[in-house]
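Copied over from Swiss-Prot:
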{"type": "DOMAIN", "residues": "3-246", "note": "domain 'ABC transporter'"}
{"type": "BINDING", "residues": "40, 41, 42, 43, 44, 45, 46, 47", "note": "ATP binding site"}
């Protein structure tokens, strides 16, 4: 499912003394089946933009098109349930939203709230629990007996049970250890490929943006500063650092190598294998 934002703007408490501009003239599209990342310093508007993708927030200017549904600023919207069923959002620390007596009931809550029968919701719960790397026996347990990592997966299963066509991820690995972060990100990527999802990742991890995204949207102060492939975005690491962002370790090491040997490699490398291949001729000559 394609998403398109055109001249999108948003103000909190518009036309009041407390009006605050959060988004201004945002123009970006996310192709159906694509994997995109949104990056930017804290306060750049990433999470505000994210909440427009399933109409949790309504634009105060411009419009957003999600599939065949168009949301225009100032136009009253009806039947938003259909849109929200198609666009699933995994927020930071989603396990904080768990509340039911059992894992099964928690996973079933979303689908049943959107009109799915209890029987079908239970079938979905059995399916998605495996998709998030857990087993069926966990369905009868209280979510509050589980480890933090398991609770995170159960909360994600609740989003997947609604069978969304778009998956929006807002810092989905926040608070996890490195191993847990990698497992969760690989899980999302596999789901993205297997289900043909349109995936939008909001992240502070430049490693994840470089590794998974086909396109990166760079934001600053509520506006889109640049849109490009990971290679294009990370080709100017100094500009990202000036914005208060980090760069992938491979990109940082490439910069150190180029300065040390006073050379310019033929491309911005995003993996160790790419960097090794690019450096090999210079290392063979002893840095000539």
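Any Cβ shown, glycine's included, is placed from N, Cα and C.
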Integer mean pLDDT for the domain 'ABC transporter' (3-246): 94
Three-class DSSP secondary structure - residue 40 (ATP binding site): strand
Which same-chain residues, if any, lie at least 6 apart from residue 41 (ATP binding site) yet have Cβ under 8 Å of it: 220, 243, 244, 245
List of residues, in chain order, with Cβ under 8 A from that of residue 47 (ATP binding site) and at least 6 apart: 170, 202
Shell list (ATP; ref centroid = CB of 40, 41, 42, 43, 44, 45, 46, 47; cutoff 8 A): 219, 220
Cβ-Cβ neighbours of residue 42 (ATP binding site) (radius 10 Å): 8
Reduced DSSP assignment, residue 45 (ATP binding site): coil
Neighbour tally for residue 44 (ATP binding site), based on other Cβ positions within 10 Å of its Cβ: 24
